[in-house]
Amino acid sequence: MAISSFLFILTAAVTGIILAFEPISNQLKPFAIQNANEISISKTISSLKNEYDEIISLKVDQNNFLEASVITNEGKNETFYVNPLSGKKIGDLIEKSPLFKWTTNLHRSLFLKSTGRFLVGFFSFLLLLIAITGSILITKRQGGIIQFFTKVVNEDFKQYYHVIIGRFMLIPILIITLSGVYLSLEKFSVLPETKINHTIDFSETSIDTKTPIEDFTVFKNIKLDEVKSIEFPFSKDVEDYFFLKLHNKELIVHQYSGEIISAKNLSWTQIISDWSLFLHTGRGTIIWSLILLLSCIAILFFIYSGFAMTLERRKKSTLSKNKFKKDTAEIILLVGSETGSTFNVANSFFEAILARKKTVFIDHLNNYTSYKNVKQLIILTSTYGEGEAPINASNFLNLLQKTPQENPIKYAVVGFGSLAYSDFCQFAIEVDNALKQHKNFTSLLPICKINNQSFSDFKNWSLQWSKKTKIDLELKQKSIKLKNQQTFKVVEKTDLNSDDSFLIRLKPTKKLQFQSGDLVSITPSEDNIERLYSVGKIDNDILLSVKKHQFGICSNLLFNLNKEDYLIAKVEKNKQFHFPKKANETVLIANGTGIAPFLGMLNSDSKTHLFWGGRTQNSLKMYAPYLKNKIIYTAYSQEQNKEYVQDLVLKEQHLIATVLKNNGTIMICGSVSMMNGVLKTLEQITKNQLNTPLNKFQKVNRIKTDCY
């Protein structure tokens, strides 16, 4: 739909931007009626009679300028703008500029006359449907109507601003499209007839007395802000009359007595037509014209971002070509993805299995069927919106129940998602549960949940799979074009502590804007796999806390750096884990090396409480220089009490509840298993102490997580 209407939307948006300047430029002219709601018709007519020989008509135009057609004292017939209080001429009528004339014709009919008007109306309707379906998709993404305006997770520039701008511009765009469709229907006479017929019987009207025009009761009672136009009697014959068009009705007034001899309300179609024209053009108001201007600019951005995302999705959404048929393969690999990101990982896994001379078949989850020779089913799937299935997996759970399998099958499920969402990997969890309950399936590995498409985490899972299946794999990540890389100088590095962890402090060689909670991206050339480390900002330096693994490529790369050495890396903004600007009090919860961002945040002006879990008391010594005079609660899992950080949180539940009650924030950084334990404890605290479910705080970003 968006592709088919691309040229129209582009034309409409560009011409709309140009036309938005017309009412703005008109409103900047000094002709607008001031206090029109206080000036009566009677007062205006009286002023004009003192200045001119005869008044032919008055019109309050769409710019709120009073246009008078008069015969001057010199006998000339002229039309111009007047001041309603003095009756004096204040300016000549504004002529539409050639640019606005040309643009208006293009905008209305594409220079194709009736055919063009039909196309404009049709594509306006398509744009309306695009806006409606877009709002539905945003609603699903955000987890329901109530969460429509809650925080959007910034995973990609185009997607993020497509949602952000779309939410704010939804109503103006709906108004633009609805009014455009209505005006098109009116132009083709599809709507009910709007012409008003007045029936007048002059035989029943009295002309015994002649009342001065300025003394007509009806003219005294009607203010200029109610008036569209007034036509004065052409002659002194009794059959000629004053014809008033108001915003809601038409009046015929006897020219001698001032009686209303006919009054007809405007039809609803005419009233809607007037409003549609105003809302579609913005005439008479700078503010609404600016909103229309911004809406058209937003539409241009939607065209760009929509096409860019579509092309990226199509590029990503291609599965590798199968070499074996589904009934020949022993390993079935099924993939679910909304944006296409999961396909890259799936293709890498598929190619690695093929390289080991195994029969494998890859397909979309919605294509699940019976497989004659299958021994293993591997499912890689993302989650969409509020725990829903991605678009190519929406029918899988139904198919699973309906489709018989002849053989017993071992299965493994890997979920991809973002910890920024409360329903992290929810669809993968549902798939795993459904397979557990199926009589033909046996679990090969526990479900694996991967945050932010981490290839290194997926590689770790593949090693577990290889151990179980005795199939050694060599996974290859799609080559990454490294962008925005910077050079950092090592200014300090500690020795390994008792947990094989160390601190490394890096100084940017160029000016760099970053905060504690941002991420450093390091991609070793040895395997071309990106690793992300959470940053603590100390005196404009980057402080990282790293766990050294015996065969860890990146951790060994960092540990082997010496003071004065240089490192190539990139800082990525991680706004969802920045320290809150307005929180009076913040609780920071971490285990192990997850303490790194908090070492920088502890220097903030607001009050902080650090909860940290390690193995032994020696584990904390490395961080001691950064913890002086700070409020810290510690738990040690290998000491005599064997306490974990979630136990510590439960002990201090009164503090936790008080912080949340007073609009404070809780931030969690460290392992996913620690996070799950802490969230479970927090759920218990919020329900018991505050009578509020934890997800209420999560939805307003009062619980922030950055875990691995």
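Backbone N, Cα and C atoms are what each Cβ position is placed from, and that goes for glycine too.
TrEMBL labels come from automatic prediction, so no person has curated them.
Taken from TrEMBL, the feature domain 'Flavodoxin-like' covers 331-470.
The annotation domain 'FAD-binding FR-type' is assigned in TrEMBL to 483-580.
Marked as transmembrane segment by TrEMBL: 118-139 (among others).
Residues or ranges marked as transmembrane segment in TrEMBL: 160-185 (among others).
The transmembrane segment annotation in TrEMBL covers 286-311 (among others).
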With Cβ-Cβ distances below 8 Å as the criterion, list the same-chain residues six or more beyond the ends of the transmembrane segment (160-185) that contact it, or say none.
16, 117-118, 120-121, 124-125, 127-128, 131-132, 134-135, 138, 141, 148-149, 152-154, 191, 272-273, 275-277, 279-280, 291-292, 294-295, 298-299, 301-302, 305-306, 309
Let's see if you can do this one: DSSP helix, strand and coil counts over the domain 'Flavodoxin-like' (331-470), in that order.
54 helix, 36 strand, 50 coil
Tell me, roughly as an integer, the mean pLDDT over the domain 'Flavodoxin-like' (331-470).
91
